Amino acid sequence: MSTLKPKHRPFCFSVKGHVKMLRMALNVTSMTFFIIAQAPEPYIAIAGFEVTIIFFFIILYILRLDRLIDFLFWPLLDIINSMVAAIFMIIISVLALLPETTTFIVLGGVFGLLTAVCCIADGVLIYRKLLFNPSGPYQKRTIHDKI
């Protein structure tokens, strides 16, 4: 008697899902500290924008829309988003930590740096999946393969 192995692991239970949800939680925490401390608006705006984009990617992967909308190469967009988000979060976190500021702005900066680390880890995970598993789910098929 053989047990059937599931074809795919649900996004919420994958390593990529855990990293993306941790990234969102850290980013929401950073944004919350910036809001409480009444930090400059660019800090709050960038953190809020990143929360929105991360939420979009989480919903995209949970609903498996990346399989349905196949004219876009979602892993590449996700890697670019992770790297741009890491750069932005490093910049606003360092700017929040440099001057003598309130405790909440410092906490927002620290959580922003942790978010940047998670952004880099998220991008590396997706890149490694593309690099070491090119025949996996992200492989593009030509029209000749369908015939």
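The count begins at 1 with the first shown residue.
Backbone N, Cα and C atoms are what each Cβ position is placed from, and that goes for glycine too.
So that you can see what the record holds, here are the features copied from TrEMBL:
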type	residues	note
DOMAIN	11-131	domain 'MARVEL'
TRANSMEM	21-37	transmembrane segment
TRANSMEM	43-63	transmembrane segment
TRANSMEM	75-98	transmembrane segment
TRANSMEM	104-127	transmembrane segment
Per the Cβ filter (under 8 Å) with a sequence gap of at least 6 from its ends, the transmembrane segment (43-63) is approached by 10-12, 16-17, 20-21, 23-24, 27-28, 30-31, 34-35, 74, 78, 81, 85, 88-89, 92, 95-96, 105, 108, 112, 115
Outside the transmembrane segment (104-127), six or more residues from its ends: residues with CB under 8 Å to it = 15-16, 19-20, 22-23, 26-27, 29-34, 36-37, 39, 43, 47, 50, 75, 78-79, 82-83, 85-86, 89-90, 92-97
Per-state residue totals over the domain 'MARVEL' (11-131) - DSSP helix, strand, coil = 104 helix, 0 strand, 17 coil
Within-chain partners of the transmembrane segment (21-37) [C-beta distance under 8 Å, separation at least 6 from its ends] = 12, 43-44, 47-48, 50-51, 54-55, 58, 89, 93, 96, 101-105, 107-109, 111-112, 114-115, 118-119, 122
